[in-house]
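Inspection log for the structure reproduced underneath, given as structure tokens.
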Amino acid sequence: MEQTTLYDKIVDAHTVKTLGDQGQLLLYVDRTVMNEYTSPQAFSGLREKGLKAWRPSASLMVVDHVNPTAARRTREMPDPGAARQVSYFHENARDFGIELLDILDPRQGIEHVVAPEQGLVMPGMVIAAGDSHTTAYGALGALGFGIGTSDIEHYLATQTLVYRRLKTMRVTVNGKLPLGVTSKDLVIELIRRIGADGATGYAVEFAGDAIFEMSVEARMTVCTMIVEAGARGAVIGADHKVIDYLRDRPRMVKGKLWDRACADWLNLRSDPDARFDREVVLNANEAVPMVTWGTSPDQACPVTAAIPSIEDINDPIKRKAMQRALDYMGLTPGTPMDSVPISHAFIGSCTNSRIEDLRDAARVLKDRKVADGVRAIIVPGSTQVRAQAEAEGLDRIFLDAGFEWRQSGCSMCLAMNDDILEAGDRCASSTNRNFEGRQGPGARTHLMSPAMVAAAAVAGHLTDVRTLG
Ligand SMILES: CC(C)[C@H](C(=O)O)[C@@H](O)C(=O)O
Ligand code: SF4
């Protein structure tokens, strides 16, 4: 019998028809989630053509990129550009009959935190959305990927996309993550190894004991961040942890349908002898806390190491990139990573702002104080995460330690609101992109896990969280 990958099974099940002989196909898309930043032109396109949304109930709209995260919330956007985007977003939700969670809604948050919370995503589904980190949904057994604005318009009008099948890569992670090492460290190490373009053109399936040992939220971190290696899709076979995560979510199927769905979902796996175009194997036992030193997520090393030497790099293009990155970051080869001082600490983003991430940070921050001269901020991934953290008393731990406790949104992950760093600021950040200017023009970002950000905030410099005890 032909052996098929999970990715191909999902694509096959959603293929409406093949289009010509160039390998394109018309792919049915089950669901989407839209933000105020990438959806406006799609709606304008529909308006110009006089088209309706074909299945409004399959979509959800969330304000997340531009909204302020100040402790007190209003619907007013202080920035006129953001105000226009949000008001057009509201207009589009109303006119096209799509549910909108605006910033005062108790279910509001970063789209990739909210969609799983609301039960919008089910195993086996295709979820395509106007944001690259839509790969997050791979953690729930769905195929998630980002699309451009014209594709959003096509989706809204037809519930389909013109799609080209990707190559498949399987990343098998054997072993067990050591204490103090998280799924974020693992995915940074993976990207360091395969490079920022290592998964370009691939859909990545994660497998292996260490992946299934992880919580669903930890898997979301891995699936979200694999975009930073260029992946155009991510997926992990659903297991009982996924079923437990999905049960009773607001938009989830219920009753007999739920029972039947669960049985199907657990069978939805790559066949044992399915062939992947590329295989990568990692050993979780060897994983250590990682930090980035450069301006690309693959420019990373263990926190216990020193910045690598330029002489060790043979490829002239990579050498030049490294020199430029070091100049921007104000760092020199040979500097031990744990001696690099920080001015800011940020815990947030769709990669690492869920309740487990906040619990990890709180464990480090309990009875400790943020170092003098460090400004530390926590932005929970959703209003629900915020409420859950408050119910557990985590907010007290954060506030007592000297962190600011904010409302949810993308915030300093990409600085589209007023949470923005100044030139020369250096931030330990639980986010997923360390590009030049990402957190503000001239600002310097070091990516790491939430626990490592908390440890850096306390120490005043990058530090190995395991040494704090
Ligand atoms: C704004 C959006 C297009 C972008 C993305 O697609 O990822 C953003 O969310 C990001 O993280 O850079
Ligand atoms: S939190 Fe950051 S990475 Fe995630 S969607 Fe928002 S801007 Fe993009």
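Using N, Cα and C of the backbone, Cβ positions are placed for all residues, glycine too.
Owing to the predicted nature of the structure, the values given are computational and were not obtained by experimental measurement.
Pulled from TrEMBL, these are the features on record:
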BINDING   Cys350, Cys410, Cys413  [4Fe-4S] cluster binding site
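One way to see the shell of the [4Fe-4S] cluster site is to take the Cβ centroid of Cys350, Cys410, Cys413; the remaining same-chain residues with a Cβ within 8 Å of it are Asp64, His65, Ile110, His112, His133, Gly348, Ser349, Thr351, Ser353, Gly409, Ser411, Leu414, Thr431.
Residue density at Cys410 ([4Fe-4S] cluster binding site): 30 other Cβ atoms are found within 10 A of its Cβ, drawing on all protein chains shown.
Neighbour density for Cys350 ([4Fe-4S] cluster binding site): within 10 A of its CB lie 28 other CB atoms from the protein chains shown. Sequence-distant contacts of Cys413 ([4Fe-4S] cluster binding site), defined as residues of its own chain at least six apart whose C-beta falls under 8 angstroms from its C-beta, comprise Phe346, Gly348, Ser349, Cys350, Ser429, Thr431, Asn432, Arg433, Arg438, Gln439.
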